[in-house]
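Undergrad: Please read through the structure below; I'll follow up with questions.
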Amino acid sequence: MNAHQESESDEVEALVVDMCRQHDNAPAALLEILHDIQDAVGHVPQSSLAAIADALNLSRAEVHGVVSFYHDFRAAPAGTVTVKVCRAEACQSMGALTLIEDLCRRHGVTLGETSADKGLTIEPIYCLGNCALSPAALVNGKPVGRADVERVDGAIREARS
Amino acid sequence: MARLQEIDYGTPKRETDKTVTLTIDGQSVEVPEGTSIMRAAAEVGQQVPKLCATDMLDSWGSCRMCLVEVEGVRGTPASCTTPARDGMVVRTQTQRLEKIRRGVMELYISDHPLDCLTCSANGDCELQDTAGEVGLRDVRYGFGGEKHFGEAAEAKDTSNPYFSFDPEKCIVCSRCVRACEQVQGTFALTIDGRGFDSKVSAGTAADDFFGSECVSCGACVQACPTATLTEKTVEAHGTPNRTVLTTCAYCGVGCSFKAEMQGDQVVRMTPYKDGGANEGHSCVKGRFAWGYASHKDRITTPMVRDRITDPWRKVDWDEAIQFAADRFKAIQEKHGRASIGGITSSRCTNEEVYVVQKMIRAAFGNNNVDTCARVCHSPTGYGLKTTLGTSAGTQNFKSVEKADVILVIGANPTDGHPVFASRMKKRLRQGAKLIVADPRRIDLVRTPHVEASQHLQLRPGTNVALMNALAHVVVTEDLVDEAFVAERCDSEEFGRWRAFVAEERNAPEALSESIGVAAETIRAAARLYATGGNAAIYYGLGVTEHSQGSTMVMAMANLAMATGNFGREGVGVNPLRGQNNVQGSCDMGSFPHELPGYRHVSDDAVRGAFEADWGVTLSNEPGRRIPNMFADAIDGGFRGMFVQGEDIAQSDPNTRHVTAALEALECLVVQDLFLNETAAFAHVFLPGTSFLEKDGTFTNAERRINRVRPVMPPKSGLSESEAVCRLARAMGYPMTYDHPSRIMDEIARLTPTFAGVSFERLDREGSLQWPVTEKAPNGTPTMHIGGFVRGKGRFMITEYVPTQERANRSFPLILTTGRILSQYNVGAQTRRTENSRWHEADRLEIHPFDAEERGIADGEMVSIQSRMGAITLQAEISERMPQGVVYTTFHHPSSGANVITTEYSDWATNCPEYKVTAVQVARSNRPSEWQLEHEEVRRTHYRRSMEPAE
């Protein structure tokens, strides 16, 4: 670990300790704490797990089990723009899989991963509750109905601007 | 016996008197209320197929293999999660069930490699067995889909030295994860991800097994139904084909084990579910660290030499015995009968210890016998006998399940007594309250899902002050159990004690400064202990190894009596014994003033019984204690010594003094597995036997007498007791037993508390807790029910007297010592196993402030100087320590922890004050003078003298 990384992980640790304290170090608040961390840092860094475990008197394994169970928690920072495309039944029947494939090819990204320039992340999601407008997507939290490559690209441009 | 396969009932036993009756496959079954259908079925021999269930764990209901049909109930409930109810009619085998089970099994096998014949679990795999039971003939899904094995497999994790984790074999039943949580209480494992991506993970994604929180207890390996978690020894040798039931030779918990064998080779050790002490659990030492028994350092041939600077000469048994006997006799002729003696070992069996003390009393003709318990739990014997009437703990381990408040003093159960700690942590997770009194923040203070209500971080040496302060609160805040005291205790003595502890000088406020704990915290702890329900005290050497060790034991007994915490389950005062047979070696008459059963040598009636049985006249004068033996050796009055399995040159305080004494001896006979530090001064070395070669009994901390059975003949060709008998005979006293069971028969004949004990009964009933008498023919799990053994409980005045060993400007810090999980005492056994990977060297733990003040960085070498000497260790900066106190373990001889400990000792029993040494710590770049000397001696005269001549 270089000095820069070390100071960064110290910072994360201080932040985590503070967030856990705000939830009275209650083990039951683990999910809320993880959301708080992801909101503040953009992801749940590996280096925060031990600090959370220590604050809540849980094992590191338990915290890891919870973090890894929920796809929403990410271990690494996402791209500037995150596209989530629904892969549930209704959207699949309306061509979501092809859409995902096209988007990935066009932007040179593997599904579930972030582009090399850290600009874009494309992820699958399971039902956005927008089945009437299948296939459905979410671009930086903003819903895109009847999604196709052009509409999603438009939303990406908008999110970047 | 052939390989013993215990029945797995699938779900844990329920303990209630209320029962329900149901019909399973046409058979009527009566089971305790709350029992699962699965267990009820197993009780009548009908095992329902299962994968995720095992009787060490709560039911989980995930594998869907154990479905049954219940009349009047829709669907097919899981038999593991459905409790049996009165009048239920259950079918475990129907066409519908068969079809469902086979279908589920197809899904499992579609994601499991079919390499059974070359798999390490072949023949010992529940998945394989269950596939057979459900008649799997085909997998309709094929093997073409996404899967977890083959090319897709994650790498096998072999980081743990004793077992491997092969994720490709995993069926994600979570048994390992749940075993780590429920049985061991460490929570080191989890399921990573979800759905099809689920996999077992030790720690986080960044950890492997070795780097995770795993303590290598092996509960996960035991719980695994497949080859996913497998002992490396099984991978290397194959599955065992026979079983020998025996007892672990490490700590005083005394876990029962199945030694699983191929020929005379141990394949693995598996804890035995019917073992009363451990109920199927174990720790890293017992389950895995038995390799020392066949280590290349083992000496298996007797050796002699004229001078300790000579090389050893290998001889046969007869010559070695004759050599020792001749020397001992010559010494006695010249210097009198009392000029020789010996020490018994708490690691040997009751029978082996008994014959050594008998040899000393009958063949040597004096009472110069002492035992290593002198330096650990002698104050326990003294204190509990004085107050309660018996030199032993009051409860069995199971009792902790009924405790509401647990007070742990001067013990570190998760390291020292891990299997009991797991039982304790289980109770704590259920809501029992915990008070820890310890200068160091031991793991129990705060560990996942367990947190002490109070951590009384007292200054070393102030135990008695703390107890008096707690008692003061009990007495002055009206928390005494008056009815209990009036009925069960001596009222006059209680009155005196009450007045004494009520004095203002014993108030928390008055003592707070010396103890180093806030008065309010002490008051809160006292209230919790006195009013929280069943309160149990568990303690270790942090209580006994002090100048007021015996006083402290009595102070704890006082407190428990005053609050009515004796005579039922869930309460009591319980020593956690350090070694496997400390209790037993004390019971066997190892002390210079006591014959077996703690009866004084001056008691004519008792001595008469032994004299009649042994056919000799016995001395009525107590013999020498260990410290007297050393002192007299230096003065010349004591010249010959027989040391059974104890490394006094490493374990006893003030090493230089001990080695000077040993050097002065004219004849030192060492009976041991290895050429230990003490053997460097020996003239005769008699090779000992490991527990795998012993036939006898160990008595654990709960007075449980367990059988130790040999899995192989003695590597030395002779059992230890036979070697001792031969020495006794060579000294002129006839002592012959044709079997160790005869020794126990003699013990039972002469010792009232053992009256009902015999090998035959132990073999039949598993274990017995003494006293086993006419009044308690089945033994005594809980002592003092209805009344104390001595009659009325005796309150003793426990005046706090600070130790003479004080910190001052030159020695401003207090050093205290302890153990670590992976190592065991002087390390003779564990250092010769892979356990050393967890603890390669002893370190000095020091508070960050104390370190900073001295300019010490983490990992730097530091010298630790006491009034007695100096040693050098690596520093470990640790917030476990309070300011002003430093700590080290003592597992490695080169650390020389006892070079710096003092000669102060318990006023009543001479138990050394290991736990308090005033020291100064400073940065250092070189080994201490002692360590250089030790190395030099090792290099020159030890090497020549220690290496056996070919």
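Using the three backbone atoms N, Cα and C, a Cβ is placed for every residue, glycine included.
For A:CYS86, A:CYS91, A:CYS127, A:CYS131, the entry in TrEMBL reads [2Fe-2S] cluster binding site.
Buried or exposed, and what's around them? Tell me for each listed feature.
TA: For A:CYS86 ([2Fe-2S] cluster binding site), other Cβ atoms within 10 Å of its Cβ number 26.
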Undergrad: For the recorded [2Fe-2S] cluster site, enumerate neighbouring residues of the same chain (Cβ within 8 Å of the Cβ centroid of A:CYS86, A:CYS91, A:CYS127, A:CYS131, site residues themselves excluded), in sequence order.
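TA: Residues close to the [2Fe-2S] cluster site, other than A:CYS86, A:CYS91, A:CYS127, A:CYS131: A:ARG87, A:ALA88, A:GLU89, A:ALA90, A:ALA96, A:TYR126, A:LEU128, A:GLY129, A:ASN130, A:SER134, A:PRO135, A:ALA136.
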Undergrad: List every residue in the same chain as A:CYS131 ([2Fe-2S] cluster binding site), at least 6 positions away in sequence, whose Cβ is under 8 Å from its Cβ.
TA: A:ALA88, A:ALA90, A:CYS91
Undergrad: Hey, of the binding-site residues listed (A:CYS91, A:CYS127), which one tops the CB count within 10 A?
TA: A:CYS91
